[in-house]
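Here's what Swiss-Prot has on this protein:
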type	residues	note
REGION	1-485	region 'COX1'
TRANSMEM	36-56	transmembrane segment
BINDING	H80, H396	Fe(II)-heme a binding site
TRANSMEM	82-102	transmembrane segment
TRANSMEM	121-141	transmembrane segment
TRANSMEM	164-184	transmembrane segment
TRANSMEM	202-222	transmembrane segment
TRANSMEM	253-273	transmembrane segment
BINDING	H259, H308, H309	Cu cation B binding site
BINDING	Y263	O2 binding site
TRANSMEM	285-305	transmembrane segment
TRANSMEM	329-349	transmembrane segment
BINDING	H386, D387	Mg(2+) binding site
TRANSMEM	390-410	transmembrane segment
BINDING	H394	heme a3 binding site
TRANSMEM	438-458	transmembrane segment
TRANSMEM	477-497	transmembrane segment
REGION	486-764	region 'COX2'
TRANSMEM	594-614	transmembrane segment
Amino acid sequence: MKILEIYDKQIAEKEGNIFIFISKWIISVDHKNIGTMYTNFSILAGIVGTLLSLVIRMELSTGNMLDGDGQQYNVIVTAHGLIMIFFVVMPAMLGGFANWFIPIMVGSPDVAFPRLNNISLWLIIVSFFLLLTSSCVGIGVGTGWTVYPPLSTMEYHPGHAVDVGILSLHIAGASSLLGAINFLTTVFNMKIAGLSWSKVSLFVWSILITAVLLVLSLPVLAGGLTMLITDRNFETTFFDPIGGGDPILYQHLFWFFGHPEVYILILPGFGLVSIILSKYSNKGIFGVKGMISAMSAIGFLGFLVWAHHMYTVGLDVDTRAYFTAATMIIAIPTGIKIFSWLATLWGGVIKITTPMLFVIGFLVLFTIGGLTGVVLANGGLDISLHDTYYVVAHFHYVLSMGAIFAIFAGYYYYYSIMNSTRLFGVVRYNEQLGRIHFWTMFIGVNVTFFPMHFLGLAGMPRRIGDYPDAYIGWNLIASYGSLITAFGLLFFVVNIFTPYIRRSVNIKNGAIILMGLDFARDWQIGFQDPATPIMEGIIDLHNYIFFYLIVVAVFIGWVMGRILWRFSYKWSYPTIGDIEIFKNFTAYNQIIHGTVIEIVWTLIPTVILYLIAIPSFTLLYAMDEIINPTVTIKIIGHQWYWSYEYGDNASNLIEFDSYMVYERDLAEGQLRLLEVDNAMVVPVKTHIRLIITSGDVLHSWAIPSFGIKVDAVPGRLNQIGLYVKREGTFYGQCSELCGVDHGFMPIKVQAVKLGEYFSKLNEK
């Protein structure tokens, strides 16, 4: 004991020594210290990103917080997206947990390149501050996290803000690439002798596959960003149609990285979930080889589906059909993982702790996000839902609730290991605070993001800081949900610091009062009323797909509820009947390791996807047909307005512009952000060809009731057929980032009889 007391005294003295502090933290090459610094950095960045998200939700709840400054809103949205992806999830997963536990799990004393590990950490920190700087330089980076040209070119984003942002992403990419190379080398070259690949932890496998994805995808992003920065500063024209370039090339390069990036964010979470699930169900993971194969398949297929983010840019229908099929196939290995986790729970003795609660929350919410992903995979349905809040809801269920819940589960699970020291002793989180954190956050994120599905179905475009009054109800509810989520995160912050300050925390009862909401108009929980056969087909296909997805969701929910009811420690106990199957060795082997049951639940999603695919392809090819058009209308997108060109019955070319009517000029009964000075006119029950292009940046011509959403791309002529079945006035909006501080670009279409159509043209 005397030796330990002397050691503790020396440790206490060293903690106050600045040189020892620098040696331990600033220039440390110890993988544990670096992992701790990564984790603390991701918590700090997460606080910044969460505060930005609260600003977004407050703006969307009032519309006046930023005084109508669309560029400032887009700068905040861009910073929020980039921070949460590159500086929260990736540092926590790959920098924090991977650095801490990969060497331990493979029996290595440290990572292969400790100094490379240190520089990787400091590169990501430098990158983070560069990103924050880019938001404050000039007009900021208001391009969205995708940084699409032409909006990101010097013409539309002058100054150095975008250049600094690109430099930040380059440095962050270099940091991730160095880390990936380090982990690959560590696992392959430093794995302890006798540890077979089949016995390597699923977390190690997940990091290994993630590292491969990083090595293969990041150079493509770096190439695209380098081409963009040379377009901005050195007069190259990689993405400028005037010089023979194509802005769609950038989208291909970006999404070839961007979609594997989704799996880079979520795969380490799969590994953490597997570890925690096995621990607190007191069982080995069901079908380990199947789980490894599923993760490998997800990683491989992730490189083959990037263009499902680009269904509206004018891709050939056969190309869209391929990406639809390839994207839906990813649901099969993902389904295998969900079913394998459920099989792990079945028959175990489940202990409900804070990490286990977050894992169960992960399973529920990730499943919902995956099911909506099957909807968006359809090239036909996505035409209506692309760039709406349905997409926002989908990827937040996968990332904000999937990856983030996995991070919280892992942090609570490894909290004592990662934070205990000789100075502070063994530190433990407060279980009650952890549970309060889970339930408030679980409720908060669902209240925030679930209503966004309804906003998307009704056609609310994303990336816009204000919106027609019809959408105010669900936006208010989502904003209340964000406050509940932030309130829950306070319990997390208190919980992780309480063990150090060693003070008791008294939790007082409180209440949140929700004001009565007055829902405007009738755009609430479904699509707008269809006006074309295409929109009717979209609604029918959506309902058809949802029938199968709801069946799957109900089945998974029933199984999970049954498991928690029958096998939870202290809730109930397994009965003799529950464990009867384990008396039979063959049956036991099938439940624990067998392939027969895996084949069965591989076939289940395969059959469901096949049943979904047939009507999906039918609708997709029907949408591509343009049947003997008698009217052709050319639509040109500009910043602030739309231009329309079409001929009358005497073949005279008629041109006019369509600007939004500002709120101060609206007549009584007119709709804010939807009225225009010159409405587009189309004849009913007539086949029409629409030719859509852009005169400056990317735009999106979208009418929810028509089931039409087509990108207007500079240098390209995208066309689509239109057949309006009924008379009426129909509204839409541009759903792309259409310029720096651009005005809203509403679309108003009047569908009239053919005779009245020509009369209105003559008036114009």
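Cβ from N, Cα, C; glycine included.
Shown here: features listed in Swiss-Prot, placed on the structure.
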{"residue": "H80", "record": "Fe(II)-heme a binding site", "DSSP class": "helix"}
{"residue": "H259", "record": "Cu cation B binding site", "DSSP class": "helix"}
{"residue": "H308", "record": "Cu cation B binding site", "DSSP class": "helix"}
{"residue": "H386", "record": "Mg(2+) binding site", "DSSP class": "coil"}
{"residue": "H394", "record": "heme a3 binding site", "DSSP class": "helix"}
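Within 8 Å of the centroid defined by the CB atoms of H259, H308, H309, the record's Cu cation B site, lie the Cβ atoms of W255, G258, V305, W306, A307, M310, F323, T327, excluding the listed residues themselves. By the Cβ criterion (distance under 8 Å, sequence gap of 6 or more), the transmembrane segment (285-305) is counted as touching the transmembrane segment (253-273), at least 3 such pairs being found.
Spatially, the transmembrane segment (82-102) is not adjacent to the transmembrane segment (438-458); fewer than three Cβ-Cβ distances between them are under 8 Å for residues at least 6 apart in sequence. Long-range contacts of the transmembrane segment (36-56) within the same chain: residues 25, 28, 65, 73, 76-77, 79-80, 83-84, 87-89, 91-92, 95-97, 99-100, 121, 124-125, 128, 132, 407, 411, 418-419, 482-483, 486, 489, 493, 496, each at least 6 residues beyond the stretch ends and with a Cβ under 8 Å from a Cβ of the stretch.
Long-range neighbours of the transmembrane segment (121-141) within the same chain, counting only residues 6 or more positions beyond its ends whose Cβ lies under 8 Å from a Cβ of the stretch, are 34, 37-38, 41, 45, 48, 71-72, 75-76, 78-79, 82-83, 86-87, 91, 95, 147, 157-162, 164-165, 167-169, 171-172, 174-176, 178, 740-741. Spatially close to H308 (Cu cation B binding site) yet at least six residues away along the chain are H259, F323, T324, T327, L376, A377, G379, D382, judged by Cβ distances under 8 angstroms. The Cβ of H386 (Mg(2+) binding site) lies under 8 Å from the Cβ of Y311, T312, S700, K709, S735, each of these being in the same chain and 6 or more residues away along the sequence. Under 8 Å, Cβ to Cβ, and six or more positions away along its own chain, H394 (heme a3 binding site) finds G369, T372, G373, V375, L376.
Taking only the Cα positions, the spacing between H309 (Cu cation B binding site) and H80 (Fe(II)-heme a binding site) is 20 angstrom. Taking the Cα atom of each, H80 (Fe(II)-heme a binding site) and the residue listed as 'O2 binding site' are about 19 angstrom apart. Taking only the Cα positions, the spacing between D387 (Mg(2+) binding site) and H396 (Fe(II)-heme a binding site) is 14 angstrom. The CA atom of H396 (Fe(II)-heme a binding site) is located 14 Å away from the CA atom of Y263 (O2 binding site).
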